[in-house]
Amino acid sequence: MKKISLLGATGSIGTSVLEVVRKFSDQYRIVAMAAGRNIDLFARQIEEFSPDLVSVLDEEYAHCLQERLGGFRGKILWGNAGNEEVAAYPSASITISAIVGAAGLLPTLAAIEAGKDIGLANKETLVMAGKIVMERARRKGVALLPVDSEHSAIFQALHAGKRADLAKIILTASGGPFHGRTAAELAQVTPAQALAHPNWSMGRKVSIDSATLMNKGLEVIEAKWLFDVEPENIEVVVHPQSIVHSLVEYHDGSLIAQLGVADMCIPIAYALSYPNRLPLGHKRLSLTDCACLDFIRPDTENFPALPLAFEALRRGGVAPAALNAANEIAVAAFLDGKIRFLDIARLVTDTVDVVSPGDENKLDDILAADRESREITRQKITELF
C-alpha cells in the first residue's frame, strides 16, 4: 500500500489524483491532504478518503471545516505551516505537489527535505527555484516524477535512449483558444473566452496561462531543470489536436513521441505507479480516428509570453521567479476585469526589467524577488488602469 500526501486536493489535478486513488484503493491511500478555500468539496473528500492530517488556507477556514466534519478524528491545520506539515507527513512515501502558483514551492521543499518522492504538478517550484530544488532532491535521493502531460511524455521518451545521445526536447502546445487570432482580435477577448480551452479541463489560472502561451513558457523553464537541458535545446511547437504530448529528438535524427488522449489521469497514474503502469480503463486513442496531426511554429509576436519565458531563463538569477510572480498578479487582474488580455505580457515584461537582481542559489533572494515583483505589478496596475 503506497501512502500519499496530496497538496492542492480540490484543484483540477488534485481531483484527478483522487480519481486514480479511488479506482485503485487497494494500492494507494491518502494519508494527508491540503486545500485552499473550497471547503465544501474538501469536506466531502476528507469524508471519503479519511486522511490523518489536513490543512486549509487559514484559521477561519479551519474552523469552518471542523464544523462541517463533526466527528473527524484527524488533525486540522492551516496556512503555509499546515501545507508544509502535510507535504512532509511521516507515513507518506510520495507527495503530490498540485498547489497552483508560487505557494507550492515551500511545501515541495519541505517534502524533499523529509525524503519524500515528489509527483510534481506545480511547475512554479522549478520555475522559481529549479537549481535549489534539483540539488536538494539529489542530496536527499528523492525522485521528481513529472505529472504535467508534456513533461511526463518527455520523461517516458527519454527511456528510449541514452542521455548522451539527446539532441533536443520538443514541447507541444495546444495553442489555447486563441490560436491564429490577430493582435486586434486578442485585444478584445474576455476572461470567459480565455477560460474556454478547446482540449483540456483546467483551473482558471492555468487556463489563462494556456491562452497567453505563458503556461508553455513556464514549462520550458521547468523542463530545463527537470531534464538538465539548455534553452537552445528546447523547442516549442503548436499542436492543436493535443494528441502528441511531447517529443524527444536524438542525435541520429530519431524522434520519440508519447501519444494519448487528453486525460490527466494518465500521467498522474504513471507518476504514482512508476516504473509500472496502471490499467486505468479510460478512453484510449484510436489512431484511425486521427485525421491529421498538425505541428506549427508558435506566433511569438502576438503571444510574447513564450519568448519572455525563454529570455528569463537565459538571464537566470531571479528573473524566472520575477516572471512567474508578475504573471500571477497580472492573470488575477485580467480575471477580475481590471486589465485586458494583451496587458498581461506587457506587465510581466515591465516588472522583470526592473526587479532587483538576486542569486538563484539563495532561497531568500528568490522569495524576495517574488514579493517585490508582486508589489511592482500591483502598483503598475493601480497606476495604469
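Positions of Cβ are set from backbone N, Cα and C atoms, glycine also.
Annotation source Swiss-Prot lists NADPH binding site at Thr10, Gly11, Ser12, Ile13, Gly36, Arg37, Asn38, Asn122, Glu124, Gly203, citing sequence analysis. For Glu124 (NADPH binding site), the same-chain residues that are 6 or more apart in sequence and have a Cβ closer than 8 Å to its Cβ are Val100, Gly101, Ala102, Gly104, Leu105, Leu218, Asn324.
A helical conformation is recorded for Glu219 (1-deoxy-D-xylulose 5-phosphate binding site) in the three-state DSSP classification. With a cut-off of 8 Å between CB atoms and residues at least 6 apart in sequence, the same chain places Lys123, Asp148, Glu150, His151, Leu171 near Glu219 (1-deoxy-D-xylulose 5-phosphate binding site), listed in sequence order. Feature annotation from Swiss-Prot assigns 1-deoxy-D-xylulose 5-phosphate binding site to Lys123, Ser149, Glu150, Ser174, His197, Ser210, Asn215, Lys216, Glu219.
Marked as Mn(2+) binding site by Swiss-Prot: Asp148, Glu150, Glu219.
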Exercise. Using a 10 Å radius around each Cβ and counting other Cβ atoms from all shown chains, which of the binding-site residues Lys123, His197 yields the largest count?
Worked result: Lys123
For this session: Only counting partners 6 or more residues apart, tell me which same-chain residues put their Cβ under 8 Å from the Cβ of Thr10 (NADPH binding site).
Result: Ala35, Gly36, Asn38, Leu41, Phe42, Gln45
Exercise. Which number gives the other C-beta atoms within 10 angstroms of the C-beta of Asp148 (Mn(2+) binding site), all protein chains shown included?
Worked result: 26
Problem set entry | Fewest other Cβ within 10 angstroms of its own Cβ, chosen from the binding-site residues Asn38, Asn215 | Asn38
Problem set entry | Ser12 (NADPH binding site), number of other Cβ atoms within 10 Å | 19
